[in-house]
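K.L.:
This is the feature table in Swiss-Prot:
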- ASP95: active site, proton acceptor (ACT_SITE)
- ASP269: active site, nucleophile (ACT_SITE)
- ASP95, SER96, GLY97, GLY98, PHE99, ASP149, GLN192, GLY219: substrate binding site (BINDING)
- CYS307, CYS309, CYS312, HIS338: Zn(2+) binding site (BINDING)
- 250-256: region 'RNA binding' (REGION)
- 274-278: region 'RNA binding' (REGION)
Amino acid sequence: MEPAIKYRLIKTDKHTGARLGEIITPHGTFPTPIFMPVGTQATVKAMSPEELEDLGADIILSNTYHLWVRPGEDIVKEGGGLHQFMNWKKGILTDSGGFQVFSLAKLRDITEEGVHFKNELNGANMFLSPEKAIQIENDLGPDIMMSFDECPPYFESYDYVKHSVERTSRWAERGLKAHRNPETQGLFGIIQGAGFEDLRRQSAKDLVSMDFPGYSIGGLSVGESKEEMNRVLDFTTQLIPENKPRYLMGVGSPDALIDGVLRGVDMFDCVLPTRIARNGTCMTSHGRLVVKNAKYARDFTPIDDNCQCYTCRNYTRAYIRHLIKTDETFGLRLTSIHNVYFLVHLMKDVRQAIMDDNLLEFRQNFFEEYGYNKENSKNF
């Protein structure tokens, strides 16, 4: 039986661990490294599928937990699965809901069977197990789905993380057995282990032995420093087979994307570009710009003079500032379009730099222009 997801390595950068490749899915082939915009509720906030396609997005992420709670996976399935339900014809990846259960849910109780918790919307008692998570994802119908895992806090004790990793491996095996559609949906295993190298190695060894079509690196970008995250990536990406995609979950600041690629990561997702857009914060080729600041009231230039997105081709900082200040939804639509375009096209430039074997030089120039080399620089 052919797997639903296949990875093809095209080239490795001569000076780093960066990989140029492509992932073949039932809804098209997309190049890697890639950034995936997040559509938590089956929509990337403030953006239409047509706008996403126009700016070059090839795959988006949706959230299993939120769609299970509302409207329910049965309704999405009845609507033809996520692709048809939201009218998106390209790739979709769903997480397993585990991260939300462990970060949002109140009064949770973790057992070997799964997690009992209260729904944060109405207080109802709910239960999510590896089998239930896979059933929901099968019904939602994404191209790529995640195993149910526990995401322990980065600074949790060694003993706690050890038990958590062992349980996550057992849950991964149960999820693999429960998976009904391996020929149309690729299931990834999630490597955990917080900052402990031996536990990350154990987690990777367990999951690689199960031969998933791809592997995610979880439990990062949860409050640890950039140096800590890069330290963990330095050894973790090497544990994943070369012929499988490597996905770093929940990472989306420009510096972290480039530094992740340098260490061999292929896929990234984050709510960052749309979340910061809603308060008027924009990523530009010259660094972070808060368009609602008073100094832009009479600035009739685009957000970024080097950007070809719909927003920068058509609207000025002064106009967008006016929209944000008056709480007009069109303003946050314009900033969202710009930020998502910025990250999608940053990855396009990164892919070209790998092709040209000059990713380190690209990083140096980008960091200088963006302002990462200044003291007290923001990370987005």
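Here the Cβ of each residue, glycine as well, is placed from N, Cα and C on the backbone.
Model, not experiment: these values are computed from the prediction.
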K.L.:
Please give the average pLDDT for the region 'RNA binding' (250-256) in this predicted model.
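P.N.:
Averaged over the region 'RNA binding' (250-256), the predicted model reaches a pLDDT of 97.
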K.L.:
Would you mind pulling the longest C-alpha to C-alpha span across ASP95, SER96, GLY97, GLY98, PHE99, ASP149, GLN192, GLY219, which the record has binding substrate, in angstrom?
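P.N.:
Those residues reach a largest Cα separation of 15 Å.
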K.L.:
If I restrict to non-local contacts, at least six residues apart, and a C-beta distance under 8 angstroms, what lies near GLY98 (substrate binding site) in its own chain?
P.N.:
VAL115, LEU128, ALA133, MET146, PHE148, ASP149, GLU150, CYS151, ILE190
K.L.:
In Å, rounded, how far does the Cα of GLN192 (substrate binding site) sit from the Cα of CYS307 (Zn(2+) binding site)?
P.N.:
37
K.L.:
Round to a whole number and give the Cα-to-Cα distance in Å for the pair CYS309 (Zn(2+) binding site) and ASP269 (active site, nucleophile).
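P.N.:
Roughly 20 Å, rounded to the nearest whole number.
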K.L.:
May I have the DSSP-based helix, strand and coil counts for the residues of the region 'RNA binding' (274-278)?
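P.N.:
With helix first, then strand, then coil, the region 'RNA binding' (274-278) has 4 helix, 0 strand, 1 coil.
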K.L.:
Within a 10 Å radius of its Cβ, which of these binding-site residues (CYS307, CYS309, CYS312) has the fewest neighbouring Cβ atoms?
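P.N.:
Result for the binding-site residues CYS307, CYS309, CYS312: minimum number of other Cβ atoms within 10 Å at CYS307.
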K.L.:
Could you say which of the binding-site residues GLY97, GLY219 has its Cβ with the most other Cβ atoms inside 10 Å?
P.N.:
GLY219
K.L.:
Could you check the recorded positions ASP95, ASP149, ASP269 and say which one's CB has the fewest neighbouring CB atoms inside 10 Å?
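P.N.:
Per-residue Cβ counts within 10 Å for the recorded positions ASP95, ASP149, ASP269 bottom out at ASP269.
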K.L.:
From the Cα of GLY219 (substrate binding site) across to the Cα of ASP95 (active site, proton acceptor), what is the distance in angstrom?
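P.N.:
Distance (Cα to Cα, whole Å): 13 Å.
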K.L.:
Using an 8 Å cut-off from the Cβ centroid of CYS307, CYS309, CYS312, HIS338, can you name the remaining same-chain residues around the Zn(2+) site, in sequence order?
P.N.:
PRO302, ILE303, ASP304, GLN308, TYR310, THR311, ARG313, ILE337, TYR341, PHE342
K.L.:
Count the other Cβ atoms sitting within 10 Å of the Cβ of HIS338 (Zn(2+) binding site), across every protein chain shown.
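P.N.:
Other Cβ atoms within 10 Å of HIS338 (Zn(2+) binding site): 27.
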K.L.:
How about long-range neighbours of the region 'RNA binding' (274-278): same chain, 6 or more residues beyond its ends, C-beta under 8 Å?
P.N.:
37-38, 44-47, 332, 335-336, 338-340, 380
